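Worksheet: the structure to be examined is printed underneath.
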Amino acid sequence: MYANSFLPIVAPLKFYAVVPTADWVARMVDAGANTVQLRNKTLIGSALYREIQRSVAYAKDTPTQLFINDFWWEAVDCGAYGVHLGQEDLDSADLVMIQSSELRLGVSTHSPAELSKALAVKPSYVACGAIFPTTTKTMPTEPQGLDKLKQYVIQAGNTPTVAIGGIDLNNARDVLATGVSSLAVVRAVTESADPEKVVKDFQALWDK
């Protein structure tokens, strides 16, 4: 679909925290998270813009790679590292603007067909899920499971893959064994009594 690929990820995505506010972004940056996504579904207008702006400022000049969920125009305008889009956004977002602004692009996928559609735009990474049951959001498909994830990793080829959905420290090693590049978590961080320790425990998985 595009002559050129989106820019590649600078550093391996590894542990990927998905959080709802700029304050959470700041906590994850301070904890040294490899990758963070701001996914805010409540704010609109100027309040949303300020939240994205603050998040970008927190991550600037740090090793943390920050992606903004859905709001690609604001991500471009605020100079974010990248933007993450759902399948429904691929047809409406200005992918050429995102690409020419040198933002990285991640795309959600929930089936082989959706993965093929995502790979056609040559993104920086693809997210595959939900791997396990999740209460974070309503999913369009049943949980994918580890066997399907292995197939998605093969289908993605050299494009980095992110597993998401119901992942915690109890199942993380099994998920990594599929060959997936990165583990994305929501509740494992936001519902933890010690989120900073969770970050360190997850990131240690890549050191073993």
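Every residue, even glycine, has its Cβ placed from backbone N, Cα and C.
Annotated features in TrEMBL:
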type	residues	note
BINDING	Gln37, Leu38, Arg39, Asn40, Lys41, Asn69, Ser108, Lys137	4-amino-2-methyl-5-(diphosphooxymethyl)pyrimidine binding site
BINDING	Asp70, Asp89	Mg(2+) binding site
DOMAIN	21-189	domain 'Thiamine phosphate synthase/TenI'
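Shown on the structure are the features that TrEMBL records.
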residue : record                                                         : DSSP class
Gln37   : 4-amino-2-methyl-5-(diphosphooxymethyl)pyrimidine binding site : strand
Asn69   : 4-amino-2-methyl-5-(diphosphooxymethyl)pyrimidine binding site : strand
Asp89   : Mg(2+) binding site                                            : helix
Ser108  : 4-amino-2-methyl-5-(diphosphooxymethyl)pyrimidine binding site : strand
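On the backbone, the CA of Lys41 (4-amino-2-methyl-5-(diphosphooxymethyl)pyrimidine binding site) and the CA of Asp89 (Mg(2+) binding site) stand 15 Å apart. Across the structure, Arg39 (4-amino-2-methyl-5-(diphosphooxymethyl)pyrimidine binding site) and Asp89 (Mg(2+) binding site) are spaced 14 Å apart at their Cα atoms. Around Asn40 (4-amino-2-methyl-5-(diphosphooxymethyl)pyrimidine binding site), taking its Cβ as the centre, 21 other Cβ atoms fall within 10 Å, counting all chains. Taking CA atoms as the reference points, Asn40 (4-amino-2-methyl-5-(diphosphooxymethyl)pyrimidine binding site) and Asp70 (Mg(2+) binding site) are 9 Å apart. Asp89 (Mg(2+) binding site) and Ser108 (4-amino-2-methyl-5-(diphosphooxymethyl)pyrimidine binding site) are 10 Å apart (CA-CA, integer value). Most buried of the binding-site residues Gln37, Asn69, Ser108, judged by other Cβ atoms within 10 Å, is Gln37. In terms of local Cβ density within 10 Å, Arg39 ranks first among the binding-site residues Arg39, Lys41.
Its Cβ taken as reference, Asp89 (Mg(2+) binding site) is surrounded by 17 other Cβ atoms within 10 Å in the chains shown. Taking the C-alpha positions, the distance from Asp70 (Mg(2+) binding site) to Gln37 (4-amino-2-methyl-5-(diphosphooxymethyl)pyrimidine binding site) comes to 10 Å. Listed in sequence order, Val19, Pro20, Thr21, Ala22, Val25, Glu51, Ile52, Ser55, Leu66, Phe67, Ile68, Asn69 are the same-chain residues at least 6 apart in sequence whose CB falls under 8 Å from the CB of Leu38 (4-amino-2-methyl-5-(diphosphooxymethyl)pyrimidine binding site). The CA atom of Gln37 (4-amino-2-methyl-5-(diphosphooxymethyl)pyrimidine binding site) is located 16 Å away from the CA atom of Asp89 (Mg(2+) binding site).
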